[in-house]
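To start, the structure under review is shown below, and the notes come after it.
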Amino acid sequence: MPAASPKAAAEQPSPRLMSLDALRGFDMFWIIGGAGFVEAVAAAMKPEWGEKVAFLTEHPEWNGYTAYDQIFPLFMFIVGVAMPFSLLRQRDTGTPPSKLYARVIRRGLLLVLFGAIFNGMLLLDFENQRYASVLGRIGLSYMFAAFIALNTNIRGQVIWIVGILIGYWAAMRFIPVPGFGAGDWTPGHTLSGYIDQIIMPGVLYKEVRDPEGLFSTIPAIATVLTGVLAGHWLKLSKKEGEQKTITLFAAGVACVALARLWNPWFPINKNLWTSSFVLYTTGWSCIALSISYLFVDVWGWKKLAFPFIVIGMNAITIYMVREFVDFPAIFELLFQRGQHKIHPAMWAGGEIFLVWLFLYVLYRNKIFLRL
């Protein structure tokens, strides 16, 4: 039988990690109302539990880390994990580089555009427009990480990660900011904020800094690249599934430990996306991926993961739709909360279920946003 041509191979469907869709859905669950639901359930059990959960579902004002800080970097890590199974597979099966680069640029710039629309670009008030955004950071980080991944091997990708993390720390530590000097980590005094003030048009989220600013997007590229390494491991390793899981889990623990060691000199800080923050969140992302991979792809618990898979298959869709569709108001209209005594936890759960039903309709009809 003749071998398949590179073109034919490139057109074959790529293997899909259902654990990745499930983990992406679990991540998005907290954004679409899961945080409020869990907080309400905890408060129903014990008021003090609700307070503790509320703390975990809020971002620290500056340095430090809570579970809610994990959502954004986990999503970006997942973006990287998918690359060996999609983009890099297309490269290896003969898709022309020019075609791949065009796809990467298109996808990255569309995410930047969607981020600007999410922040109110359709109002056409460009002077007061915030151009930095969550989707914009995902788009730019994906784009540059993809260029690196397409043109380097695994060793080269490791070198890029180390270079970005050390280079970002060195720049933040040794390049002086006018009026404040070098190595000042306080809000408004950092190199990252200073650069954003100079080059970012429109307004910044925090006036003198932006948590999704351009300079702090550089280490976010490393976050995506760490996901690429994890994807390589899951795809290329000849080890059994459970052994892959153990190694991935151990790598996560090592990253968390390294981040804690670095923390006194370069604090774990989501606002600055510090190098220690990259390592810390990468560690927890590896741990989360190892658990999801074990349950869903190794042990085959796909039915239990199905609710999250439905969310994960249309993550960008629901992120954008929620900006324009008021699901809580629709739920209020349907069930007339004011006329019934409904526990806050049940109400929060109902709102999430309404969002999930919307995504399930898309899933059943095979409607997926493909950038």
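Here the Cβ of each residue, glycine as well, is placed from N, Cα and C on the backbone.
Quantities reported herein were computed from a predicted structural model and do not represent experimental measurements.
What TrEMBL lists as transmembrane segment is 26-45, 65-88, 108-124, 130-150, 157-175, 214-234, 246-265, 277-296, 303-322, 342-363.
Segment contact holds for the transmembrane segment (108-124) and the transmembrane segment (130-150), given three or more CB pairs below 8 angstroms at sequence separation of 6 or more. For the transmembrane segment (65-88), the residues of the chain that approach it from at least six positions outside its boundaries are 14-17, 20, 23-24, 27-28, 30-31, 35, 55-59, 100, 103-104, 134, 137-138, 141-142, 145-146, 149-150, 220, 223-232, 234-236, 268, 270, 277-278, 280-282, 284-285, 288-289, 315, judged by C-beta separation under 8 angstroms. Contact between the transmembrane segment (130-150) and the transmembrane segment (214-234) holds: at least three of their C-beta pairs are under 8 Å, each pair 6 or more apart in sequence.
Here the transmembrane segment (342-363) does not touch the transmembrane segment (157-175). Their Cβ atoms form fewer than 3 pairs under 8 Å, with each pair 6 or more residues apart.
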